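Enquirer: First the structure, then my questions, so here it is.
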Amino acid sequence: MLTLPDLSRQHLIALGFGFLALFFANQSLSAMAIPYFQMTLGIDPFWLSLVIAAPIMFAAFISQYVGRVSERLQHKHGNRGVTLHISGVTSGVLFGAIWWVPNTWSNADVLWYVLALNFLFSIALTFLTINVKSLAFELSRDETQRVKVMAFGSLFERFGTFAYFWLFPLAQLSIWGSIYLGIQYVGWFIGIVLIAFFSIVSAWCCAPKKVTSPSINTEQKNPFERKKETPGNAPVYINIAKPPTDERTKRALFLLLSLTLIKFGAISIFTSFDFYLLVYFVKGGDVAAGAYWKGILSSTFALVTLVMIPLFSYVTIKLGKLKTLSIIYWLTALGAVLKWFIYQPGNEWAVIIDALLGAPSWVAISVIIPSMLADLCDYERKLSGQNKVGYFVSAQNRVINIGVVMTMVGAGLLLNLVGFDANAGEDQSPGSIFLMRLCLAGGPLVLCCISLMIVKCYPLSEQQMALSKDAIHGI
């Protein structure tokens with residue numbers, strides 16, 4: 001049975017509210033922008049996707065810089081509370097302001113307004129993301145604890161999925177008087193309560209670390225260098241956002257980031273076809289019926305994930321991270337093959353099987369791989385004497401942002417390549433339907449095989465890292 005992380009209640013609250021704030025900050029914009037700006041205001045979908053994607057890509061490129069600044073602030077203040085507080089409140093206010101755009105403006109003016117605020121929002125969100133995840137890394141003291149901490153945070157993210165599906169329907173309620181007022185009320189509620197307030201709670205509960213090691217020599221010119229060891233003194237680790245120096249660490253980091261990009265970028269491009277097949281193949285062009293079954297699929301996935309997170313986290317602790325990743329990728333590969341048979345007319349209820357076999361992949365990307373990154377960060381800290389948590393978290397954040405943009409752009413391009421015609425409605429060509437089915441099943445299958453190869457050649461097992469640490473300490 002998986003138990004809670006061995007942390008104080010204060011730190012558990014900090015992690016839970018921090019991950020919830022991150023979830024709503026990352027997911028709410030796209031969940032509300034498409035139905036409001038595109039479907040209600042009639043803004044061109046291409047330009048809207050560009051306005052959403054460009055700031056995300058910009059945030060990917062500044063992640064390393066944000067990581068360095070965050071580590072300096074953490075070193076200065078002794079904890080991440082100040083940065084979490086400022087970045088959370090700023091993110092919340094900017095998110096709410098996005099929906100304040102007057103509906104009387106032209107489409108071009110609306111796009112420029114959203115683009116400007118979204119750039120500022122993405123910068124603030126990058127600070128919030130890196131510091132919440134860095135906090136999770138820092139509160140994890142060993143391999144088992146890291147799995148539990150990441151599972152705890154992932155569960156809170158999953159709880160958020162049950163709410164964000166209803167954000168736009170909430171804005172459509174008649175009590176607001178109009179959709180234009182409703183979107184503003186809901187937008188400000190998300191910004192002030194779900195992002196800013198949750199971040200403030202996380203910051204308040206982010207207590208400073210107790211310094212038990214010798215004080216840092218204030219005469220050193222560079223405060224981010226490791227203090228020189230003296231006889232009888234334990235080494236002092238200073239946070240510094242620099243790349244790892246060990247070659248095996250570099251290779252391991254590259255492979256973990258590759259698994260992250262495959263999931264957030266490549267696989268998501270192919271799995272985005274499930275909605276199109278439900279509408280245009282399974283339900284013969286009935287958008288409402290297709291959307292209903294997409295809702296069944298998404299809700300089942302969210303529910304099953306709540307069970308899979310503790311289950312596979314327990315398996316991870318018992319079998320190890322690499323073995324559990326292999327099991328998950330084999331299950332996902334089986335699910336990819338079955339997609340060919342599930343997404344056919346008359347097999348609607350089989351989407352539950354798709355959710356059952358696909359849910360473990362969320363555990364891989366939200367629990368196991370982040371805990372392996374934390375292990376790697378700790379391993380590099382033991383080797384170099386420098387705590388590079390800011391670098392590892394910012395590198396992960398950059399890859400996730402690139403993957404999200406890849407999905408936004410790649411899904412549309414691939415739809416065009418397979419011959420999908422939005423104006424044809426239910427009269428899609430048989431060739432186009434066949435290629436969409438092939439992409440939905442074949443794409444994830446090939447990528448799961450690549451992921452299995454990456455796991456197979458991962459250079460640092462938990463046992464190898466433990467042996468290396470023992471050698472460093474002369475055990």
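Cβ from N, Cα, C; glycine included.
Under the heading transmembrane segment, TrEMBL lists 12-34, 46-66, 78-100, 112-134, 155-179, 185-207, 252-279, 291-315, 327-343, 349-377, 398-420, 432-455.
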Enquirer: Quick check for me: are there 3+ Cβ pairs below 8 Å between the transmembrane segment (398-420) and the transmembrane segment (112-134), leaving out pairs under 6 residues apart?
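Expert: Contact absent: fewer than 3 Cβ pairs fall under 8 Å.
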Enquirer: Considering only Cβ pairs under 8 Å, which range in 112-134, 291-315, 327-343 makes the most contacts with the transmembrane segment (155-179)?
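Expert: Highest pair count goes to 291-315.
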Enquirer: For the transmembrane segment (112-134) and the transmembrane segment (12-34), does the number of C-beta pairs under 8 Å, pairs 6 or more apart in sequence, reach 3 or more?
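Expert: When sequence-distant Cβ pairs are counted, the transmembrane segment (12-34) touches the transmembrane segment (112-134), since at least 3 lie under 8 Å.
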Enquirer: Give residue numbers and ranges for long-range contacts of the transmembrane segment (185-207): same chain, 6 or more residues beyond its ends, CB-CB under 8 A.
Expert: 8, 10-11, 13-15, 17-18, 20-21, 24-25, 28, 32, 79-82, 84-85, 87-89, 91-100, 128, 132, 135, 167-168, 170-171, 176
Enquirer: May I ask which of the stretches 12-34, 78-100, 252-279, 349-377 has the most CB pairs under 8 A with the transmembrane segment (291-315)?
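Expert: By the under-8 Å Cβ criterion, the transmembrane segment (291-315) pairs most with 349-377.
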Enquirer: Using Cβ atoms and a strict cutoff of less than 8 Å, what residues sit near the transmembrane segment (12-34) while being 6 or more residues removed from its termini?
Expert: 4-5, 45, 48, 52, 84, 88, 91-92, 95, 98-99, 114, 118, 121, 125, 128-129, 132, 135-136, 139, 149, 152-154, 156-157, 159-161, 163-165, 167-168, 171, 183, 186-187, 190, 194-195, 198-199, 201-206
Enquirer: Tell me, please, if the transmembrane segment (432-455) and the transmembrane segment (327-343) are in contact, taking contact as 3+ Cβ pairs under 8 Å between residues separated by 6 or more positions?
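Expert: When sequence-distant Cβ pairs are counted, the transmembrane segment (327-343) touches the transmembrane segment (432-455), since at least 3 lie under 8 Å.
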Enquirer: Cβ under 8 Å, sequence separation of at least 6 from the ends of the transmembrane segment (327-343): give me the contacting residues as numbers and ranges.
Expert: 274, 277-278, 281-282, 312, 315, 319, 350-351, 353-354, 356-358, 360-361, 363-364, 368, 437, 440-445, 448-449, 451-452, 455
